[in-house]
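Novice: Below you will find the structure I want to go over with you.
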Number of protein chains: 2
Amino acid sequence: MLYIVGLGLGDEKDVTIKGLEAIRRCDKVYMEAYTSLLSFGLSSHGLSNLEKLYGKPITVADREMVEEKADGILAEARSGDVAFLVVGDPFGATTHTDLVVRAKTLGIDVKVVHNASVMNAVGVCGLQLYRYGETVSLPFFTETWKPDSFYEKIQKNRMLGLHTLCLLDIRVKEPSLESLCRGKKVYEPPRYMTINTAVEQLLEVESLQGQDVYNEDTHCVGLARLGSEDQMIVAGSMRQLRTVDFGAPLHCLVIVGSMHPLEEEMLEFYKLGKTSEA
Amino acid sequence: MLYIVGLGLGDEKDVTIKGLEAIRRCDKVYMEAYTSLLSFGLSSHGLSNLEKLYGKPITVADREMVEEKADGILAEARSGDVAFLVVGDPFGATTHTDLVVRAKTLGIDVKVVHNASVMNAVGVCGLQLYRYGETVSLPFFTETWKPDSFYEKIQKNRMLGLHTLCLLDIRVKEPSLESLCRGKKVYEPPRYMTINTAVEQLLEVESLQGQDVYNEDTHCVGLARLGSEDQMIVAGSMRQLRTVDFGAPLHCLVIVGSMHPLEEEMLEFYKLGKTSEA
């Protein structure tokens with residue numbers, strides 16, 4: 001049996017009882033380290049908290065490992081019980097769908113244990129989840145590479161009066177360009193896009209495209225460390241959020257569409273200068 | 001302190017450890033019974049499982065109670081610790097936002113414990129969450145009342161190639177029309193819309209509106225009891241899903257937009273005649 005267990009967003013105690021029981025039942029426990037990492041995955045300290053709670057050693061599986069050793073992991077799941085731990089909910093990212101497809105193709109039973117993900121926990125800011133349009137991803141720009149397919153999607157959402165959840169780029173264990181040229185892999189330090197960078201890139205694309213999709217006065221909500229004890233939520237214009245210090249990752253951003261009165265009332269609590277706890 | 005604790009989708013073991021610790025810390029525990037009810041909330045048997053796990057009595061709070069007695073609940077939260085339990089994630093429904101706004105206005109601390117909701121758990125069928133457009137709600141039609149605002153929203157989603165999550169009507173503790181006329185409240189038995197009814201109503205609106213938004217051949221995914229041990233997922237055309245017996249509530253429906261190859265591969269496992277477990 002392959003258990004795909006969502007760990008939620010905050011710390012080791014966000015696992016569900018069902019998830020914990022599944023993990024404790026397993027012979028082998030892997031934890032994904034390639035689509036998102038959070039407080040408890042960022043340090044060896046965090047990992048040991050997990051291992052203590054689970055009473056099991058955890059093998060951290062980065063993207064390379066999952067791609068290269070998927071056959072081995074699946075073979076283990078055929079003969080015994082294997083848990084694959086995922087930050088958030090198991091189906092937040094494509095990579096897990098791929099693992100599930102491979103397992104099912106081999107006739108291996110798959111059991112999913114759901115949990116909160118940014119896709120639903122973002123509801124905490126008061127903007128109703130059913131009023132969101134397509135979610136977009138903002139990649140890190142470089143001098144020569146500024147992909148902007150999100151711009152048209154945001155435009156369509158805004159034309160419909162819908163909110164847009166922007167997921168911000170995470171670069172973990174990226175081989176450095178230099179090391180690739182030399183044929184020996186050396187990894188860049190991990191990078192997490194801040195809300196500040198996201199707003200700057202959004203405004204840069206607006207100034208290049210000039211379709212008036214949004215501007216410095218457009219209402220947004222910045223959310224940092226969503227679901228953690230020290231989460232931070234600030235509502236304000238792009239101009240305002242550009243300079244707010246949101247602290248440690250992970251960050252995400254919502255571009256606000258048209259609002260119902262109750263949504264407005266709730267956002268009031270997160271306006272700059274007010275308390276930002278939920 | 002007011003704790004709003006998401007219980008997840010399946011049974012009592014879908015609570016997180018953080019949620020369980022919060023509940024056990026509270027002097028009073030309420031459970032919402034008005035926006036959605038699931039297996040563990042449907043019977044007194046289910047409720048006693050929860051009470052056994054939590055080691056506390058639970059007061060089931062229906063819509064009337066929360067609206068009428070909110071002041072009392074909030075007064076308790078001002079002087080002690082109160083937990084308000086919500087099926088799924090706390091911010092799946094507007095009513096909880098309302099309670100949070102009232103608490104914050106009174107200066108009462110609010111802590112949210114997130115969990116899975118249908119809005120993210122629907123990812124289990126393989127359709128990527130970021131490829132969904134606006135979520136729609138399908139209300140029960142009557143002979144004389146057939147609200148169809150969802151039709152235009154589905155049209156817009158489909159024009160953008162996006163999937164549409166359809167949430168199906170739940171009628172719990174609705175006063176009967178007859179009893180309202182007599183001035184004494186008698187409640188209708190609870191009603192949960194099935195996927196079959198949803199498809200019929202969708203096709204009825206299409207035939208009335210005639211904008212060619214979808215038809216009997218349109219690909220859909222029906223999901224019943226999402227997140228439970230006995231969840232059922234079937235992919236097929238509207239014509240096919242119209243006659244599938246999905247069993248007990250809750251049901252929801254996805255109208256499929258344009259698909260990536262990995263999404264197609266995953267849906268294959270849920271086609272009629274294949275296994276429907278996840």
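Cβ from N, Cα, C; glycine included.
Automated prediction, rather than curation, is the source of TrEMBL annotations.
According to TrEMBL, the feature domain 'Tetrapyrrole methylase' maps to B:1-241. The S-adenosyl-L-methionine binding site annotation in TrEMBL covers B:L9, B:D89, B:G92, B:S117, B:V118, B:L168, B:L226, B:H251.
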Novice: Taking Cβ atoms only, which of the binding-site residues B:L9, B:S117, B:L168, B:H251 fall under 8 Å from chain A?
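Specialist: The binding-site residues close to chain A are B:L9, B:S117.
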Novice: Do you know which of the binding-site residues B:L9, B:L168 has the most other C-beta atoms within 10 angstroms of its C-beta?
Specialist: B:L9
Novice: Taking DSSP three-state, what's B:S117 (S-adenosyl-L-methionine binding site) in: helix, strand or coil?
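Specialist: The three-state answer is coil.
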Novice: Which chain-mates of B:H251 (S-adenosyl-L-methionine binding site) that are at least 6 residues away have a CB under 8 A from its CB, listed by sequence?
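Specialist: Within the chain, B:H251 (S-adenosyl-L-methionine binding site) has Cβ neighbours under 8 Å at B:L168, B:Y192, B:M193, B:T194, B:I195, B:A198, B:G222, B:L223, B:A224.
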Novice: Based on the record's binding annotation for S-adenosyl-L-methionine (B:L9, B:D89, B:G92, B:S117, B:V118, B:L168, B:L226, B:H251), what whole-number value in Å is the widest Cα to Cα distance?
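Specialist: For the residues that bind S-adenosyl-L-methionine, the greatest Cα distance is 17 Å.
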Novice: I'm checking region-level scores; what's the whole-number mean pLDDT for the domain 'Tetrapyrrole methylase' (B:1-241)?
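Specialist: Mean pLDDT across the domain 'Tetrapyrrole methylase' (B:1-241) comes out at 89.
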Novice: With DSSP assignments reduced to helix, strand and coil, which class does B:L168 (S-adenosyl-L-methionine binding site) get?
Specialist: strand
Novice: List the residues of the same chain that sit at least 6 positions away from B:V118 (S-adenosyl-L-methionine binding site) in sequence and have their Cβ under 8 Å from its Cβ, in sequence order, or write 'none'.
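Specialist: Expected: B:L9, B:G88, B:G92, B:L165, B:L167, B:L226, B:L250, B:C252.
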Novice: I need the least crowded one of these binding-site residues (B:D89, B:L226), counting other C-beta atoms within 10 angstroms of each C-beta.
Specialist: B:L226
Novice: Using all protein chains shown, find which of the binding-site residues B:G92, B:S117 scores highest when you count other CB atoms within 10 A of its CB.
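Specialist: Sorting the candidates by Cβ neighbours within 10 Å, the top entry is B:S117.
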